[in-house]
Amino acid sequence: MITRQLRKIIKQRSTTSRTLHSSKDVHQLFDESPYSKPASICPVNHSLPSLLHVDLPFNAFSKLKGLLKLGNFKAIDEVTVALALKDSCGNSKQGTQVHKYAITSGLTSFITVPNSLMNMYSKSGQFDKALCIFEGLNDPDIVSWNTLLSGFQKSDEALNFVLRMNLNGVVFDAVTCTTALSFCFDLEGFLLGLQLHTLVMKSGLDCEAFVGNALITMYSRSKRLDEARRVFDEMPTRDLVSWNSMLSGYSQESSFGIEAISSFIEMVRQGMKLDNVSFTGAVSACGHQRNLEVGRQIHGLCIKRGYGTHVSVCNILMSMYAKCEVVEDATLVFERMNERNVISWTTMISIDEEDAVRLFNEMRLDCVYPNDVTFVGLIHAITARGLVEEGQTVHACCVKGNFLSESNVCNSLITMYAKFMLVQDSIKVFEELECREIVSWNALISCYAKNGMWVEAVRTFLSAVTECKPNQYTFGSALNAIGSGEDISLKHGQRCHSHLIKVGFTTDPIVSNALLDMYAKRGSISESEKVFSETPQKSQFAWTSIISAHARHGDYDSVMTSFKEMEKEKVKPDSITFLSVLTACGRNGMVDMGRKLFDSMLAEYQIEASSEHYSCMVDMLGRAGRLKEAEKLMGRSPGGPGLSMLQSLLGACTIHGNVEMGERVADALMEMEPNESGPYVLMSNLYAEKGNWEKVAKLRKRMRERGVRKEVGFSWVDVGDSNSSLSLHGFSSGDKSHPQSEEICKMAECLGLEMKLLREKDRRKDMEITV
């Protein structure tokens, strides 16, 4: 913009500079020119415009300063000042000195000077001063408007300024359209971008390659790659930037990886002079596609074309190899780099979790200052490895480097301390946050949930929705807490569901799965089925949740129906799905079907049976009275008989009166958990049923000697005061603490009778199966 105006002035003044063919000639002429020559023909003024795009071994500001020292004021005109201001971009102190001289000399009356001042202040981070200069102009030209427009940092302010230009009758040129298009990346901006595209077409500016490039970038940012491609195809001339813009647009969208690679291949075929932007776009696409073969071929071409050690290319190569799970190659690229920037180190730290701490220390020794993304990657690596002390040290580094003002770093620290079960440290980090975004609230909710603090998780959720706009992860974490917290009223889950409907999150897969799981865990099977039927895309998690819900209710038929429908929809079941199906088989005495499904896990679905699956099978066989078979299967379990298996088998021995096996299993449990009362109680009941009161007395004496106490039964009840409290009321036998304790006791007695009847019914059913 400034360049164009300066060139116009020089063309009007003289043609003497046409004889200058090289920057060397310009520099020589500049040094040899006598300062006594009039400003209108002084070679210094004719040479300066050529410096706008050519890096020369002299400083325009220094030359201006030299002229002032010599008192040769006639040799200084508006072009001299404009070029000195251009040389001062990024140095506001130097630029301010030129500004003062321009005011005292009266050169600010030439439009070139205020335009150059606006450019200098914008690029020096003092846009307010640039705006002040613009507002003081009586008759700004198109360069003035364009210069100020290019200085805006926020898109909404820039787009408002574009509208102001239009209202003032400013005729947009190619630079105006190109600059304005660079701000059109959100919904509002995209609509303006469409209007600008229409203006470009009407005014014939689409013949300019750089305007077409700006349109391609605008459409790519708005994820309208088909429109971007149409602009690209209709361009009369395409330069390298055009190809790179299209390639970058494709590479930023993982679903267009093939198109990106195809564009790159076409560039090679057409003999384009590829640069680092070309290679980074192509390599990035290979990473998205996990296409290691093509990625390696492009890597070879990078080396051949001289970009094998280019920093930005190497950074994206490391990322590509990491995505393709070839960490060794990523490390090799890193080690061969001649120069490494903060992105290089950060990428390597994120890739190599095992050596993340060492790499971070080497990075500091290499005098590369970490950024917030570096610390996020480092904290993630430390969290994954469970390095508590190192985590606390990194936290101290964040404090020292003033990185706690970065929300992503604080969120990572909250998650790290949650994993280390240091909840108070997570809370402290959260409370010290200056600006709490929804991601921070989500991190704290997850912290409580991961540590079993369900009530605190829900309370935090209720606080979060009053301060921030919740997202799908907020609701997902809250619903998980409500589903897992047995002492939290279901009413809070229903209220959360109502809130979801209001904000329109019910179709989100994360939320719908969490909602389904919450109702399933809390025993509301009808609501679970309703949510499942309304879920548009039924994932593996959704199918497993509804199967688990039916399994908890002992509805074998619904479990098997859902399982068959899941297979019909070609959704592959996982280990948790099988666990639910096996549970349903066990509770309904379908031993043969359960055994068949257990055997099919590895044979048909390539799923290794875990200790949980073996526990389920032991419980199933034990309920059916096939105790020897259950004991034999337990011996095949990976890692040997576990606590859950032994407890299930002991329960089965109690039901079926097998004292000999019961004693073996009970001894194993007592050795495994000496202070647990369960084995003692079950064996005591078994001895009592067999009339062996002597052994009952010995067992009770043994409990007293070991200090083992029977745990008091504990229950929860929703007494209808959930508005004032999240938790249900917890009570035990003889508890009179609640004002409605009599009603609670009567309800508990009724439930106890119903449970006793159901237990007797199950006992008879188990005996029938045994017979």
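Heads up, the Cβ atoms here are built off N, Cα and C, so glycines get one too.
No curator has checked TrEMBL annotations; they are predicted automatically.
Under the heading repeat 'PPR', TrEMBL lists 208-238 (among others). Confidence over the repeat 'PPR' (208-238), given as mean pLDDT on the 0 to 100 scale, stands at 93.
Summarising the annotation, TrEMBL assigns repeat 'PPR' to 239-274 (among others). If one looks beyond the repeat 'PPR' (239-274) by at least 6 residues along the same chain, the residues whose Cβ comes under 8 Å of a Cβ in the stretch are 209-210, 212-213, 216-217, 219-221, 223, 225, 228-229, 232, 280-282, 284-286, 288-289, 291, 294, 298, 301, 305, 307.
Here TrEMBL flags 310-344 (among others) as repeat 'PPR'. Sequence-distant contacts of the repeat 'PPR' (310-344), counting only residues of its own chain at least 6 positions beyond either end whose CB sits under 8 Å from a CB of the stretch, comprise 276, 279-280, 283-284, 286-288, 290-292, 295, 299, 302, 350-352, 366, 368-371, 374.
Under DSSP, the residues of the repeat 'PPR' (539-573) split into helix, strand and coil as follows: 26 helix, 0 strand, 9 coil. The repeat 'PPR' annotation in TrEMBL covers 539-573 (among others).
If you look up TrEMBL, you'll see 574-604 (among others) marked as repeat 'PPR'.
Counting residues 6+ beyond its ends, the repeat 'PPR' (676-710) has Cβ neighbours under 8 Å at 647, 650-651, 653-654, 657, 659, 662-663, 665-666, 669-670 in the same chain. Among the features that TrEMBL reports, repeat 'PPR' is placed at 676-710 (among others).
In terms of DSSP helix, strand and coil, the repeat 'PPR' (208-238) has 23 helix, 0 strand, 8 coil.
The DSSP breakdown of the repeat 'PPR' (574-604) into helical (H, G, I), extended (E, B) and coil residues amounts to 27 helix, 0 strand, 4 coil.
Here the repeat 'PPR' (310-344) is broken down by DSSP into helix, strand and coil counts: 25 helix, 0 strand, 10 coil.
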